[in-house]
Amino acid sequence: MEALLSIFVESVFVKNMALAYFLGMCTFLAISKKIDAAIGLGIAVVVVLTITVPVNNLMFNYLLADGALAWAGLEGVDLSFLGLICYIGVIAAIVQIMEMVLDKYFPALYGALGVFLPLITVNCAILGAALLMVQREYTFSESVVFGVGSGVGWAFAIVALAGIREKLKYSDVPEGLRGLGITFITVGLMSLGFMSFGGIAL
């Protein structure tokens, strides 16, 4: 249990997807203009990461890894070179299924998140989480916690940036830095702040 808690805290603060690895920066910068939009996208990312990381873990361990097909009588087969394209396929399929389920059973939630769901398919933080999970050789339970933690960390970062950007609208920012200029500086300072968590022994 302590190991799972360590993975969660580490993925939220120490190894934050947005502020430590700089993954998902396209949507991170584009959707962080308003807090409401940032919260919507953050929730969608948490849900998608919570589902896709464990599913990709199962697929890697039972289909792609070296010797994973021993249950089918194919012991010497190693399909790990297909990992990247398979993870992308799983992410796209799960996002599409999620979109259809929300549209049919939760139309109000679909109306709120509908714009963000297609953006998640091409969010590199989702793919990055799957690749990091394989690289770190997480078990299924660890991959679930890592998926949730990575999503929460990314959502926390985008909501924090959106709050700062809303305050910056009323600040006297030099003309040359308005827009993305001051946003890049802000993200850099946020990232420096999150680096302080690197000293935590987990």
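Glycine is no exception: its Cβ is also placed from the backbone N, Cα and C atoms.
Listed in Swiss-Prot:
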type     : residues : note
TRANSMEM : 11-31    : transmembrane segment
TRANSMEM : 35-55    : transmembrane segment
TRANSMEM : 81-101   : transmembrane segment
TRANSMEM : 114-134  : transmembrane segment
TRANSMEM : 144-164  : transmembrane segment
TRANSMEM : 182-202  : transmembrane segment
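In terms of C-beta pairs under 8 Å, the stretch of 114-134, 144-164, 182-202 lying closest in packing to the transmembrane segment (35-55) is 144-164. By number of Cβ pairs under 8 Å, the transmembrane segment (144-164) is matched best by 11-31 from the list 11-31, 81-101, 114-134, 182-202.
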